[in-house]
Every structure is written in C-alpha cells, then in structure tokens.
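Annotated features in TrEMBL:
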type	residues	note
DNA_BIND	85-128	DNA-binding region
DOMAIN	83-127	domain 'Homeobox'
DOMAIN	130-331	domain 'TLC'
TRANSMEM	38-55	transmembrane segment
TRANSMEM	180-198	transmembrane segment
TRANSMEM	205-224	transmembrane segment
TRANSMEM	260-282	transmembrane segment
TRANSMEM	302-323	transmembrane segment
TRANSMEM	366-388	transmembrane segment
C-alpha cells in the first residue's frame, strides 16, 4: 500500500521541476493547500444535501403554492397487471408488433394500449411543484456562490492580470477566503453527484454526470497542486449563467412565459459569451500559454489543461443545444408567441417592451419569494463571516 501511495503522489508528476511536497508544508508564515483538506468536502456535501431538503420543504414549496403551482401529477393509468409487467420488465415504449399482441391478449384496441403506456410513463415524471422546488434551490445556491466568488475575486490581483496566477507558483499561500470558496464548490458538486440519482431524470443525464465527475476531479486536482488561483476564475466564470437558467425554469413552471423567454435569452447570451468567448480567450490562454512561459510544462500541467479542454468540449455541446432549442422555439412561434426573424425593429421594440412589462408584473408576484431569498442569503453571509472569523481560523 505504501508503494502505491508513493507512486500516486510522485512529485515529478504533480509538481514543477525541483519542487517537493516538503516545500509546500504548512508553516507559521504561510499555509498551502493540503490533500487532507479535501476530506472536509464529504460531511459538507451531506450538510448541503440536508439543507436542500429543508429549503425545498419550508421555503421553496410555500413560494410555489403562493404562485399557484399545484402538486397534482399527471393522470393515473388504469391498473392492469399484464401491461404493468410489460412496462416494468420489458419496455416502456412497445413497438407495433407488441402492441398488436397485447391488443389481442387483452381485447383492447391499440389506441387504448398506447394511451395506457403514455399515461404510465407520465406517472413517473415529477410534478411541476417538485421541479420548481429543485430549480429554486439551485437558483439560490448559484446566486449565492456566484455573488461570493465575485466579491472575493474583485479583491485579488489575478482577476485583473491572469499572469499573477503563475507568479511565484507553486509557493502561493492559501487564504481563508480561497479555501472556503474551493471547499464550498467541491462540496456542492459532490452533493450533485450523490443526488443526481434521485433527482429528476433528464435526457442529458449521462452528459451531466460526466460534467459533475470532471468538475470534482478538476477542483480536487487544481487544489492539490495549488492551481487554485486560476481554478477560482474557472469556477466563477462557469457559475455566471447557471442562476439565470434556473430562474428561467422557475418562470416557466409559474407560467410567466414572457419572463421565461426573456430570462432564457439572457441566459443564452451570458452562457455563450462566457463559455465560448471569455473562457477560451482568457482562462485557457493563461493556463496554456502564460503558464508555459512563466512556469513551464510538467506532467500534471498537461492533465489539468486536458481537463479544461474537456470542459470546453462540453461547453460547445451545451451551446449547440441552447441554439437548437432557441431555433426550434422560434420556428414553432413559441418564443413569446412571436418570431423575431419576421418582424421589423419597431415591432421588435414593442415586443421587448411588452415582455418587460409582463416581467414587471411577474416580479411583483415574486416579491414575497425574493424577500425570503434575500433573508436567506443574509443568513448565509452571516454564517460565512462566522466561518472566516478568527475563532474559526484557530479551530
């Protein structure tokens, strides 16, 4: 076992030339990232999951009810043992041949059997209330962590000059703010890894699982070899669009269609701008070229950049899906019930004004929910201050 650990923590892989793990041991003058710090993420992930359950039950659900979002699910399929056995053990989407066989066996017409399978599939879909509660939790967390990230990064030199990510690397001390930011993000992604198997199943389940897995590995990897400075840029940049997406979902579930359309357009613009523009031109530029110039490549440097390129590949895939959804909505005339490809600028202005007024009316209905959220964020800020207090540091 000792031989395996020595091989895994080989300094020639993890660290630049002529740097050893002994050089990065904590001292009275400076604190550096230690691999054992990451164990804290597991109990915190469990705590985040429990906070989520309480939030959805006592905050999100009352807000949903106040917005007239019902908990009633789809129509229940008529009980039938034969069809239930086919549904659970064989297929949820029977082909024409199987439908004809079931029709003869049950003396039902094919259309009735198709209706039964459709209703049975819909039974497994969560209610709108459940979807709203999940989106409200994610919106609240993304808003908080993005706000914290911006407040933290605006005080750092590497936000304004990315070359500071590599000056004096890897002898860059770990601050309390940076440690809290990293552990919080890692804990959240671990909680998503665990809860994804119980959450609402979506078509991109496999892609999202890969994204969470890469994110956890990337956060862990960059923390261990002290690439945390550039890691904070990656985290904050990728958090920027997530709150808008969840807000658009919430508006959709509350049937505020024009607000949903406006929020989705804002999300698409922020997502594509940050992940296809700023990320490759700003972050990948510093990890690939500035770090090569200042520090030079070494084995874990290649792995780190490979993971970032994989994240960029996922960004391209999701950008394609976003554009595809937008084009599909426009072609079917569902984007606010108007097609921007066939209107004049004056008509476009009227539609934007109409959407803005509708959003304002919806915002008034959401006022009580926003007050609750603001109080919750204030509580989280207070808890953060306790975490970062001198007493917590000594502990």
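For all residues, glycine too, the Cβ spot is worked out from N, Cα and C.
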_Positions whose Cβ lies under 8 angstroms from the transmembrane segment (205-224), at least six residues beyond its ends_ = 14, 33, 35, 37-38, 182, 185-186, 189-190, 192-193, 196, 230-231, 234-235, 300, 303-304, 307-308, 310-311, 314, 317
_pLDDT averaged over the residues of the domain 'Homeobox' (83-127)_ = 85
_I need to check the long-range neighbours of the transmembrane segment (260-282): which residues 6 or more away from its ends have a CB within less than 8 Å of a CB in the stretch?_
162, 233-234, 237-238, 240-241, 244-245, 247-249, 251-252, 312, 315-316, 318-319, 322-323, 326, 335-336, 355-356, 359
*Same-chain residues at least 6 beyond the ends of the transmembrane segment (38-55) whose Cβ lies under 8 Å from its Cβ atoms*: 136-137, 140-141, 183-184, 186-188, 190-191, 194-195, 220, 223-224, 376
*Taking a Cβ cut-off under 8 Å, which residues six or more beyond the ends of the transmembrane segment (302-323) line up next to it in the same chain?*
204, 207, 210-211, 214-215, 217-218, 221-222, 225, 227, 234, 238, 267-268, 271-272, 275-276, 279-280, 283-284, 287-288
*Pull the DSSP breakdown for the DNA-binding region (85-128) and write it out as helix, strand, coil residue counts.*
31 helix, 0 strand, 13 coil
